[in-house]
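A short worksheet on the structure shown next.
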Amino acid sequence: MKMWRLLLLGVATGRCLHEETQKSVRLLRPPFSQMPTHFRSSILPLPGSHEPRPLRIQTYYSRAPVPGEAWDPEGETRALAAVTETTRRIQGILAVLPVQGPLLLSRDPAQYCHAVWGDPDTPNYQRCSILNPGYKGESCLGAKIPDAHLRGYSLWPEHGLPQLIQPDGPGVQNADFLLYVQVAHTSKCHKEPSVIAYAACCQLDSEDRPLAGTIVYCGQHLRSPTLSHDDIVMATLHELLHALGFSGQLFKMWRDCPSGLSARENCSTRKQVTRRDERGQLLLTTPAVSHSLAKHLGVPGTLQGAPLEEKQGSLSSHWESRLLQGSIMTATFHGAQHTRLDPVTLAAFEDSGWYQVNHSAAEELLWGQGSGPDFGLVSTCRTGSSDFFCTGSGLGCHYLHLDKGSCDSDSTLEGCRIYKPLAKGSECWKEENGLHTRAENPHGEIYHRHSRCFLANLTSQVLSKHTSQPSTAPDLEDPTGCCYLHQCTHKGAYEVQVEGSPWIPCLPGKAVQIPGYDGLLYCPQGRLCLRDEGARAATSQPMSFTTQDLLSQLSLRLTGTPGHSLGKGQREELAEVVLQALVMRAGTSRCYFHSPTITTSLVFTVSMWKSPGCHGPSVAMLHRTLTLTLQMKPLQVHHGEAIFTTDYSKLWTSLDHNPSMTELLLSTGFCLLVLILVGALGTLAYQKRAMLQVAPSTT
């Protein structure tokens, strides 16, 4: 089990509990002699029809037994929405040889059996001779496993046939992995206020691939206003990757399949997965991982392996954060905005021998990119040779330049220091963090969704009249992290804008002066505008956007149970439920949708734009998709005992900088809407509106 901490204070504290808790879980695998024929067939080499298929994860939610007043519906709703999105995402990343027939889990003989036959000369040697009268079934990290998911068990005489006590359950169809979900406030949650969730793997198949696990959410912690839906999704993804195989307890079971998953007869347990290098650093040494890390660091050929975090000993289940800061599988969590499902982690799942991996799903990891073989070493991080690290305790910029940061360290960094996001108000891309008047803003900062953090010592205040070089005036402060607008002109090149200034070209690696300000603004190299996507929209008011980055507003009128009125708090709850349904319908993450509200007349409104770090289709594409799907199939959501259905939808697009383009797009959209309505009227008359429930499948 792993606990991932939400860093509310910008500093990682406490220790990771994954290794010791996963070690406490008894991993079960089926004895071959007791496996049913259909299960055996799924692990033997078969004809080509048994090719890898997307991993089918079936989720089962069970409410933990708690007093009624302790039940947390808000935490439950947020957790289940995150599970749904995360399992869908994993299915697009990992593929397995599908389980043939229904998936059945094993029972633990140590639980249901009190004694076994001990004479090796008897035919029923080691089979259950006395049942445990206190046996109450199987569980996985506290979650009870239904008998329907389990194989049966028998009582055996010393000689002869057994007495069937419990037959096999029907099993779970169309499943390769069973995930049990609980929302609770356990003792672990109580002891660790920053824990979002933790998970464990409980059962393996005959080739040691994980078959089942449980994730436990700390329900009361999910109420935190600083915890976004994307944060919970990313924490869930981290935990499920542990349960699916990225674990010190499972590394030794990884398999080498040189001919691929389909040729199982050529697979064998890997002889060596981890070892220590000449410095004593623990490495994960499998081939795809070693090659992927070498590519990331810009090292020709391959490396010995990828370093593992060793704070908890040799059974580490996380990457060394000095080397892979920002990876989904490091031991500390700095929020979804700063976390990536990186190529090295996906390479590890390829090396497990259990999965075929969709490497195109990997997200670029900027930390240490192209920095060479000595990057991240304790011996080099304090020499100033890399600007990914810092010295002292001053203020600067987080390496992604989304946030201001403080130069700090923690136990996982072993003395190395990095810029960590400040506790509050450090996000340059949040307009609400901005100052209100120029008198309060001598540095000319602009907080905007296209703003980034730059090292600067700009000031509009009058300096010493004896200074002939304003940019180097002795009255100037040392450069610190400041928020300014940026826009890309082409790959690797961009412009910046300070409050009241024109756009100024910012040559990476150089410093620029800004008209109306003393001091300098330093242009980071290799951090911004890394993709060749043309100019990005990032201008002063009035705002303008490219056609791929439209700022839209979606409005939905809801119809509900007659006579059912809602108070303010209930409208806020309903807005959240509708938003979750909308996210599920869109098939994207929540980072596209902002500031949902519902009026007293039941009109739901939400703004649409891509947050920094948001990955997926353009807003324009999502705009078109939602226009079509909401007309063809309205949303239907439940709130308490009432049912609400969307009656109509409107999508407004802000393109104030170009009225003619606005008119053109609105006209085109209106014509498209008319065509859609005409084509849909006939089918809508016969179509039964499907009920959308915001919860993972329970079948």
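Placed from the backbone N, Cα and C atoms, the Cβ positions cover glycine too.
Small disclaimer: the values here were computed from a predicted structure and weren't measured.
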Practice task
Check Swiss-Prot: it lists H238, H242 as binding Zn(2+). Then name which of H149, H159, H318 it lists for that same site.
Solution key: H318
Fill in the blank from the handout: Cβ contacts within 10 Å for H318 (Zn(2+) binding site), all chains included, total 27
Problem - Taken over the topological domain 'Cytoplasmic' (685-699), the model's mean pLDDT - result: 33
Problem - Whole-number Å value for how far E239 (active site) lies from H318 (Zn(2+) binding site) (Cα to Cα) - result: 11
